[in-house]
């Protein structure tokens, strides 16, 4: 099922637009992440696709058919809620069978058939033996999988997950993430999930749609989004960055009048830019007197597998963050208060705001 | 992993109670004061009802209960409860649903209005209907012209009872419904269930205990209401006397044993309500009875 979202707008009473003209296509069979900070409108978009929210403008197309006026029941989507919304007075088995039992009499399967299908799905989500538990007796990860099985039971055209791992602890998150990817590869459902966790989106999805303030910033594969960000927001959102206002003259970048040493020549035309570079893409210049962006080390910390250094640079409000590989040279004798120089291996230039 | 602290020796001379725990004498005083109040204002009157009712023996007790006027009063009380409780159930569900599940203009006004019967004296509640439907009331002439009797008849008693018991179900359901949110309903709808099926299979089970609790309290009040009913009843024996009114009449006639016999039925109703209420609270967990009831 291919889903096209066309120029969706949504305003809630008396607030700024939650969705401000979003258009994107969800390809059949793909696993798409809607990624954005909280309040960006990503959950609203998911609910609009599901039919749980009706947009102020724009349309949603299912395989080319306009579904904008279909109710949530008619859309036949599998929706997994952030807090699972399991029916607490029903057993796990009845929860999973609910969608089939709720069908109109004409195409409702027989009781035994519903039961068989529910058991099959519980096996798929590896919850055999828990059929007769009530949701309250399950762990968070198990509830999540019941919610998933319940959504899959109606053979949905698309599976929509709202912050699927939001309420779980870190360890369970990782396991479930891997497991969901495998499940998706096995069942091939078109799947959209909402997350504010960059790592989750990049690791799990086929493509990522990055949303900010109700607008689509970029849509592409994780590596496209990470390596070729189209906006300063995307670059900044996908991992922390150092921001340096620079002026480009004749293929060279200058910060506060001093040349900024970058690995390759700069291709941008003359003008003012924002240079952004990730902490791991900045290296200590071995020669402390040679060319480099100079500053004073404020903090030196050994972290997991790397060394973190904050470097105070005159004229910048925030210190420049560095992440140095532990194997590298030069950091062992580094002390707070020392002056140091760095060069920038990888960077992105965005037009100055 | 067990997180229990290892046993360690207590240092002698240290107070082993928390700082907010009162001294034994203070605690004792608090408990005794509460118990004395309970004894004098609740238990003694309750006991007195049964003692007085059985003073003449078991024979006169039952004679008082099967007296035709008493039977009529019991029947009328049951009838009034049977009409007003279901109507309040419907009203309570609608009001709680609209308040808890969606936004609309005048919502806070509705919430305030629901509480009105709690803050208005029952006598006023009765008078309202006399003023509206009495022979010299607003609709009095029209009603008389169509030969419809509301005040000093059963319809008036039912109206007054509904007014007085209006808040019970709604008050009980609003917090339960607000707490459960709309996720469950949305989940049911997204799974293809119709609105009606969603209500029956998802919403209703979620609010079941709160609903029963509200109905129970509503019923107790409907059967025991005196003030409002007294104003609109007209006290016509065998026709417009409910049990509380019947008790009053018997008492005013110095027929104490009979008065207390009927009163003992109301007391039993109260005790049964209390037991059921406790059961429901145990069953329904913290969600039930979280409302601030006066």
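Even glycines carry a Cβ here, placed using N, Cα and C.
Annotated transmembrane segment per TrEMBL: B:28-51 (among others), in sequence order.
The transmembrane segment annotation in TrEMBL covers B:71-97 (among others). Beyond the transmembrane segment (B:71-97), the same-chain residues lying 6 or more positions past its ends with a Cβ under 8 Å from any Cβ of the stretch are 110, 114, 154, 157-158, 161-162, 165-166, 168-174, 176-177, 211, 214-215, 218-219, 222-223, 229, 237-243, 245-246, 262, 265.
Residues annotated as domain 'ABC transmembrane type-1' in TrEMBL: B:74-277.
The transmembrane segment annotation in TrEMBL covers B:109-130 (among others). Long-range contacts of the transmembrane segment (B:109-130) within the same chain, counting only residues at least 6 positions beyond its ends with a Cβ under 8 Å from a Cβ of the stretch, are 95, 98-99, 137, 150-151, 156, 159-160, 163-167, 170-171, 174, 225-232, 294.
Annotation comment: TrEMBL describes B:150-170 (among others) as transmembrane segment. Residues 76, 79-81, 83-85, 87-89, 91-93, 95-96, 99, 114-118, 122, 125-126, 128-130, 133-135, 137, 143, 211, 214-215, 217-218, 221-222, 225, 228-229, 231-234, 236, 239-240, 242 of the same chain lie 6 or more positions beyond the ends of the transmembrane segment (B:150-170) yet place their CB under 8 Å from a CB of it.
Marked as transmembrane segment by TrEMBL: B:256-276 (among others).
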